[in-house]
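Below is one structure, written out as structure tokens; comments come after it.
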Amino acid sequence: MSRPSVFPALPRSILSLSAVALLSLSPAALAQPAPTPQAEAEAAERTRRVAEDARRAELEAQAKALRDEAEATFKATEAGCYDTFMVNHCIDKAKRQRLDTIQRARALEAEARQIDLAQRQRAAAEVQASQRLAPPSEPAAPAPDPEAARRAPTVIPVPAPDVDIAPTPEADRIRRDRARSANDAAATAEAQRAARDAERAAKRADTEAEAAARAEAAARDRARYEERLRKYEEEQAAKKK
């Protein structure tokens with residue numbers, strides 16, 4: 001006689017559902033490996049870069065809007081200054097306001113450049129790290145000794161079979177990694193030079209624009225002075241008559 005089971009028998013419906021659930025899982029889902037630390041780090045870096053790119057684009061757009069606002073406000077204010085009594089004081093005040101707005105734009109542009117520079121520095125650090133982790137290259141063969149070659153007996157070489165020795169996959173991988181690392185390092189250095197050149201060009205353009213604005217304002221002031229002097233001389237000549 002069979003012994004009674006210690007655990008109560010499960011209903012057939014529950015057993016059937018459990019079997020269906022197990023069978024519905026695909027082999028790929030059951031055998032999917034956990035992400036490696038390197039894959040997780042790369043995913044985190046991609047997420048961080050996307051957020052930084054969005055922030056940099058936002059900063060650049062805000063800086064451009066401030067520059068446009070500075071120029072538009074200055075032109076509108078300058079035109080109204082000629083209707084006031086203290087023309088030069090009004091124009092100087094408008095220039096200071098424009099410069100304040102431009103400095104705010106420069107601060108945003110500097111923050112955007114810092115984001116770009118930080119990204120390039122991280123990329124360069126990754127390249128250097130990969131180069132350090134790469135296996136060392138084989139040492140160079142020692143230079144042949146002419147005296148030893150002269151003393152050695154003459155050996156008639158036997159033709160080797162015409163067989164192409166294919167490089168191993170590991171050697172191909174190392175060569176590709178080193179070539180890619182060299183290209184990445186060169187691209188990073190070029191990008192850093194381009195960023196520095198762009199920053200210098202932006203500062204130079206701002207300086208030239210401010211100098212041109214000062215020269216234009218001086219020319220207008222001189223023209224107004226000459227016009228007032230001409231009217232004064234005409235009034236004095238009319239009084240003498």
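Positions of Cβ are set from backbone N, Cα and C atoms, glycine also.
Because the structure is a prediction, the values reported are computed rather than measured.
According to TrEMBL, the feature signal peptide maps to 1-31.
Taken from TrEMBL, the feature compositional bias 'Low complexity' covers 122-135 (among others).
What TrEMBL lists as region 'Disordered' is 122-222.
The compositional bias 'Pro residues' annotation in TrEMBL covers 136-145.
What TrEMBL records for 170-181 (among others) is compositional bias 'Basic and acidic residues'.
Counting residues 6+ beyond its ends, the compositional bias 'Low complexity' (182-192) has Cβ neighbours under 8 Å at 117, 120, 123-124, 127-128 in the same chain. Sequence annotations record features per position, and here TrEMBL assigns compositional bias 'Low complexity' to 182-192 (among others).
Feature annotation from TrEMBL assigns compositional bias 'Basic and acidic residues' to 193-222 (among others). Residues 87-88, 91, 95, 99, 102, 106, 109, 113, 116-117, 120 of the same chain lie 6+ residues outside the compositional bias 'Basic and acidic residues' (193-222) yet bring a C-beta within less than 8 angstroms of a C-beta in it.
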